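Q: What follows is a single structure, and I will ask about it in a moment.
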C-alpha cells in the first residue's frame, strides 16, 4: 500500500485528472454517428446534452461512463493508499471532467462524475445525492436543478450519515458544480432554462 506522501498525492492527482478528462460523451457521439456535441443543444459534453440528440442509449451510456470515472478514481486510489489518496483522486477526476486537457479545458459540468465520486467515497451519501438529484430534476423537469439540489444535499447528508471526513471535499465539489452551472442558474432565474428532453 502506498502511503499518502506528497509524491503519492501528486501521482493520484494526475491519475484522477487523466481519468476524469476522458470525454465519453464526445467519443460516444462520434462512434454512434450523432454528430459533434459542440454543435448540438447547449454544446456541453454531458449526458443531458447527449440526450438532446434523441439517442437515449447514448445518453445513458454517457451518464454511466462519466459516473464511472469518479468511481474508478476513488476506489483505485483508496486501494493504493487510503482515504487521502481517494479524496485527491476524486477531486482531480472532477476537475478533469470539467477542464479536460484533450478538449482545451472546455469540458462538462461534472454532475455524473460528482455522483460517481460520492457513491465511491461514501456510498450512503451518494445514494442520498442520487435521490436528491432525481427529486429535484423530476419535480422541476430541469436537469440542472437536480444537480444543484444534489450538491447542496451532500454536506448535510455526510454529517447525518456519519461521514464528516468527506465534508471538505463535498464543499469543494459542490462549489465547482455551482460554478459550472452559473449560466443555468441565470436561466432558471429568468425562466428560460430548457426542460429535460427539450432541445435548447
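These residue numbers are counts, starting from 1, taken along the chain as shown.
Quick reminder: no glycine exception, Cβ is built from N, Cα and C everywhere.
Remember, predicted model here, so these are calculated numbers, not experimental data.
Heads up, here are the entries from Swiss-Prot:
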type	residues	note
TRANSMEM	8-28	transmembrane segment
TRANSMEM	57-77	transmembrane segment
TRANSMEM	88-108	transmembrane segment
TRANSMEM	114-134	transmembrane segment
TRANSMEM	159-179	transmembrane segment
Q: For the transmembrane segment (88-108), could you work out the same-chain residues 6 or more beyond its ends whose Cβ comes under 8 Å from its Cβ atoms?
A: 9, 12-23, 25-26, 44-46, 66, 69-70, 73-74, 76-77, 114, 117, 120-121, 169, 172-173, 176, 180
Q: Restricting to the same chain and to residues at least six past its boundaries, which positions have a Cβ under 8 Å from a Cβ of the transmembrane segment (159-179)?
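A: Residues 83, 87, 90-91, 94-95, 98, 109-111, 114, 117-118, 121-122, 124-125, 128, 147-148, 151-152, 185 contact the transmembrane segment (159-179) from elsewhere in the chain.
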Q: For the transmembrane segment (8-28), find every same-chain residue at least 6 residues outside the stretch whose CB is under 8 Å from a CB in it, and list them.
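A: Same-chain contacts beyond the flanks: 2, 34, 36-37, 44-47, 49-50, 58, 61-62, 65-66, 69-70, 72-73, 76-77, 80-81, 84-85, 88-98, 100-103, 107-108, 113.
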